[in-house]
Structures are given as C-alpha cells and as structure tokens.
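What TrEMBL annotates here:
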- 6-26: transmembrane segment (TRANSMEM)
- 104-122: transmembrane segment (TRANSMEM)
- 129-147: transmembrane segment (TRANSMEM)
- 167-185: transmembrane segment (TRANSMEM)
- 197-217: transmembrane segment (TRANSMEM)
- 252-274: transmembrane segment (TRANSMEM)
- 281-299: transmembrane segment (TRANSMEM)
- 305-326: transmembrane segment (TRANSMEM)
- 338-355: transmembrane segment (TRANSMEM)
Amino acid sequence: MNRDKLNAIVLLLITMVLSISLFPTLTGVGHDKQVFIYGAMTIWKGQIPYKTFFDHKPPLIFLMLALAWPFKAWGYYLLGVLTKWIASLFIYKAAKYHKLSNPWLYPVIFLICLLPPFILMSGLLTREYAACFLAILFSVILMNPGKKYLLSGVLCALVFHMQQEEMILAFPFVMYYLFAKALDGSKANAALVFKRILLMAAGFLLVTAPLIIWIAINGGLTDYWEQSYLFNFFVYESRRPALYKITGTLSILFHTRFMFLVFPLLALHTYYLIKRKNVSLHLACFFTLLISLCVKVFAGRIIDYIAVYHYLLTFSAVVAISAMLIAKESEQYFPKRYLKPLIFVFTAVLFFGMWKNSFSSIRKLKYSATYFQIEELTQQLQDVRNKDGQLFVMGHTPFLGLNNNLNTLSPAKWVYTTQYSQHLENFDKDGNVIKEIMASLDKNKTTYVLDFYLKNPVDRKAFQEQWEDYLKKNYTEQYRKHDYILFKRNTNATP
C-alpha cells in the first residue's frame, strides 16, 4: 500500500473519531437540524420546502439530507463523515502539491477546527457543509492555477446554495484565481479572464439551474424567493447596536479559541506581505480571514451566546489553508528540522485547546431536557405515526423532532416557529398566517397540538388571542408538563 492510500485511510479514521458528536447514539436533538431533517422528509413524501413549510435556508441542505433520509441517523452520520473526509483529502492533496512536510497535518487542523462538539453542537448544519465545500474550493484553486474553472464554479454554487453569505469568503481567492497566470506562464489578459469568468458562471449554473427548475416545477418559486432571499437578507437579523455585535463576536472568538488562531495568522500574513514581492496568495488569504471576521460581525446575527458558536464553523477551512500557506512560506526561512516539530506542537495545542471539554459537551447535548421530553412524547403519540397532518407543534422548533420521529408531516407550513415574530412583522400585514394555521388544522382534522406559547408568546396580540380562542373551541387539554400543553382535538370540533 502506497503512502497516499495509507494517509487517506488514516484521515478517514480521524474523521470518524472526531465526528463523535454526530455518532447516532451520541448526537443531540439540535434546533436547525430538526428543520433540515423535516425538509428531507417532505422531499421523500413528494413535496417541497418553502411551499410545504416555511424556512429561510437555501435548498441544498434539504436535498443532501434527503439522500441519507431513508437510513435516518446512520445515514446522516455517514453523509457527514464522507463529506468531511473528501474535503480533508483535497486539503491533503493541496499540501502535497506545495511539497509541504507532513501534508496530512493540514486536513487534521481543518477537522480539529470543524468538529469540536461545543461548536458543532448536534451537527447537520449548513455552515458545517459550507466549510467542507470552501475547503475543497480553496484546495482546487491552490492546486490548479490557470485551470479547473468549471469545477470551481460548481463549488461556488454549492457554497452559495448551502449558506449564502459564506460565499463572500471565497471572493479573494476567486479574484486571485481569475487573474492567475495562463498555463504557458504568461500574464492573464482581458480575453482570458473573460473566458474564465464564463467557465465559472457555467459551473455555477450547472448547480443553480436544476435547483431552480425543480423548485419552479413544484410551484415553490415565489415562496423560495420570499423566504430564502427577501426574508434572509432583509428581515432575519438581530437588531443590535454595532458595538454589541463587535463585542459579541470577540467574545465568541475567545470562547471558541478561534481568536488565538485568526489574529496570529493575520499578523503572519501581514509580515510576509511586507517581506515578499510576490504577495498574491498571502493577500488573498489575509483578506479571506478579514472578510470572515467582518461577515460574522455585520451579518448581524452574532450574539454573546453559545447557540451561535456554529456561525464560526467556516473558519475551519480558512484556518487550514492559511496555516498551509504560512508553513510553505516559512520553509524558505527556517530549516525543516525546526519547522516540522513546530507544526506538530501547533496541531497538538490546537487539539487540546478546542477539544479538552468535548466529552462533557457531548453529554450535555445528548441528555438535554429537550431530548427526554421528545422521547417521552414520541412514545405517547404513536397513534399518529405515519399519519400526515395529525400533529402540529406551535412555538418551539426542536420539537419538530416529534414529526421526524413519527414520520408525519405538519398540517401547516409554519413550522420554523422561532421566526414567527420576524415573519409576521414583515410579511403578514393582513394577518393571514394564523388563519392559514387554523384552516390547515381543520382541513386535516389534526389530532394533536403541542403548544409552547406559554413559553414563547407571539409578539402580536391579535394572533395570540385568535390562537387561544381556537384551541378552547376545538381542542381539549390533555395535560401540562414542562413548558408545553398537549391538546387533543374534540370529536365534535367543527371548522
């Protein structure tokens, strides 16, 4: 067995071990995770996201998880491991292309930064997969100056349709790539750059066109535009002062240890920018790191709270590529006998810093109160298993896991309940959302309603009053427990 095959197997084993928080018997409930699994289920049942249920994420996550949906937790685990392994192999090949010592260390750095349980949480996140696509894109660019533009366009589309704003991180490397020297070593002229742009655009369309056609054929194009673009870019943001966003970002960078990576790497790239005449790659990496920070601050969603640590997942791809370029440059100034142990020490310290509390994090994620509540309710509601439209969860997104466990679609499209207030304020001027929910429950004669609005009341009095009045007339309270009330439909309920 040659060294490359052996390293590939070792990287696969490392990926599987570091993906411990995604292992079926250890993974937690999650929030967004349940929405994405629900989206995969709707596809398998012949329906479509956006039209069937409200969500603001791009469509690729639903389609990817649909590939694994028949195999449930094991399918999601294997899909995640395979994606990360492929990304790590590309980083390994890029390190070999640049003739770095111990090229397998750089994909390990990527995995160490991507998979800490307290950052990744329960996994199946859009930024988790976007980080993998970015890592592959950066590696392709580093290995193929002057070629592979169609493939790069495909990868850009995969990033965009997985997590839109993370596409900005690719911009500096793409600019470097477009203006790279031609294959014969000559400078890129306007005609060549234009040809490259066309190739990348064609690659982008190879992914985008089928997605749009699929959504349009299923009648979800208007909903897709409203939810994934209008809502995503103009509504879904935290209305906090700029200073709060900056301090929140710095706090999260500190607690996730990324601060101790990003700022030293920025300093080293700055040093080599000053020292070297050929600055193109260092400039691209410097601006990628800088843009990564700016996106986290000015995207407006960062708060000083553990639930958004996963916003930093795409740093893993940037850090791995940055470390690779710094090591490549440093080999010109330091003997390899000193540099090799230094890289090992860096990787070991990085692992200890980001993974020292991993097992306690996994336990907290797995054995949360929400996990036990969902397990308990799943057993109690077995009579609606495989019966679409017979269970509606109002007011708490993780409990969409009940619909997933019971293989039953919600009767109403409004399942991403953490965003009701934001959507109602901007897109529900006529107050039709609550009417749609009640009409859907009546149409399906929905058996159970799990109501969390004692915990998460909608910030609209008319909405809340109509909902409470509807429940009193058509449903009987079964019991109250924890933060929810379980209602069962009256036999004499009338629309």
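Keep in mind that glycine also has a Cβ here, set from the backbone N, Cα and C atoms.
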Contact check, the transmembrane segment (129-147) vs the transmembrane segment (252-274), 3+ Cβ pairs under 8 Å, seq sep 6+: no
Of 104-122, 252-274, 281-299, 305-326, whichever stretch has the most CB pairs under 8 A to the transmembrane segment (167-185): 281-299
Chain residues in Cβ proximity to the transmembrane segment (305-326) (below 8 Å; excluding those fewer than six residues from its ends, i.e. six or more beyond): 31, 87, 91, 94-95, 98, 100, 106-107, 109-111, 113-114, 118-121, 125, 127-128, 130-132, 134-135, 138-139, 142, 163, 166, 169, 248, 252-253, 255-256, 258, 261-262, 265, 268-269, 272, 281-282, 285, 288-289, 292, 296, 299, 346
Best-contacting stretch, by C-beta pairs under 8 Å, relative to the transmembrane segment (338-355) and drawn from 6-26, 104-122, 252-274, 281-299: 104-122
